[in-house]
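Taken from TrEMBL, the feature NAD(+) binding site applies to 10-38, 73-74, 78, 104, 254. Look at TrEMBL and you will find 12-170 tagged as domain '6-phosphogluconate dehydrogenase NADP-binding'. Positions annotated as domain '3-hydroxyisobutyrate dehydrogenase-like NAD-binding' by TrEMBL: 173-299. What TrEMBL records for 179 is active site.
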């Protein structure tokens, strides 16, 4: 709270106003930071114009007007384009600027971007998030930060406006490494929860009762007690809303792909991670790409009839 009160409220650039970026940027506005915004889809910026934000025509224009920029993008190619593209941040970045990337991308790409940023006399940190859209709205995200340790406090000043946990992980790329490991475990546990719930239902158990028992027993996990995949068990989660909102299946498949690349590069066996990757890829191919990843329960129910 003290650091927020003492923070210099100079403008902050925010690039990428999607499901996660939108509430994150709104929390910066709530904390008194003037936001200079850009999104590849102009309609995503309309709401921020109404909130008094300046809307730019390119990432380069954002970099020209702000020396602290947060990016929240869907994938490694998007991040490369925003930083190093023809109208990218690095075309007009100011020396000494702090660039924080909260996208979930390949750790190797984060390191590559950090080198390009460093050549321009600026600072790059990777700070992917965990917590989903609900935590983004509430300002309760967890940030996993990689970069030069001396710059961590400067990054933390902004990140604490959007998250309740801001953890320094080490050099550039370690934030991404932590996020990839977390999401691989999340994918595995969600599939496990969906399988257990489905089996219990087929054995005649009431799903709410089964969830209650799991959550007071050794099978309890975040997927069972906070984000249950079975419709009707919990309110306020995607399974209660036809799996709309939340964290898309296509994004989970992407993150599991990043885990596979990292596992291959480090010669690390991840048999369950590999199986989870295949399941989410199959879901994408069968029409679940835009549904929340907890729709794996629905996918398993439909697979029973094949």
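Yeah, the Cβs are placed from backbone N, Cα and C, and that goes for glycine too.
Note that the coordinates shown come from a computational prediction; the quantities given were computed from them, not determined experimentally.
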Fewest neighbouring Cβ atoms within 10 Å: which of the binding-site residues 15, 20, 25, 35?
35
Between residue 74 (NAD(+) binding site) and residue 179 (active site), how many Å separate their Cα atoms?
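About 14 Å separates the two Cα atoms.
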Can you tell me how many other Cβ atoms are located within 10 Å of the Cβ belonging to the residue listed as 'active site'?
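That number is 28.
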What are the DSSP helix, strand and coil residue counts for the domain '3-hydroxyisobutyrate dehydrogenase-like NAD-binding' (173-299)?
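Per DSSP, the residues of the domain '3-hydroxyisobutyrate dehydrogenase-like NAD-binding' (173-299) fall into 88 helix, 2 strand, 37 coil.
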Give me the Cα-Cα distance between residue 20 (NAD(+) binding site) and the residue listed as 'active site', rounded to a whole Å.
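Per the Cα atoms, residue 20 (NAD(+) binding site) and the residue listed as 'active site' stand 15 Å apart.
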Taking 10 A as the limit, how many CB atoms besides its own sit near the CB of residue 74 (NAD(+) binding site)?
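Residue 74 (NAD(+) binding site): 19 neighbouring Cβ atoms within 10 Å.
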May I ask for the distance between residue 15 (NAD(+) binding site) and the residue listed as 'active site', taken between their Cα atoms and rounded to an integer number of Å?
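Cα-Cα, rounded: 20 Å.
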Over the span of the domain '6-phosphogluconate dehydrogenase NADP-binding' (12-170), how high is the average pLDDT in this prediction?
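A mean pLDDT of 96 is what the model gives the domain '6-phosphogluconate dehydrogenase NADP-binding' (12-170).
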Distance check, please: Cα of residue 35 (NAD(+) binding site) against Cα of residue 179 (active site), rounded to an integer number of angstrom.
26
At the Cα level, what's the spacing in Å between residue 25 (NAD(+) binding site) and the residue listed as 'active site', rounded?
21
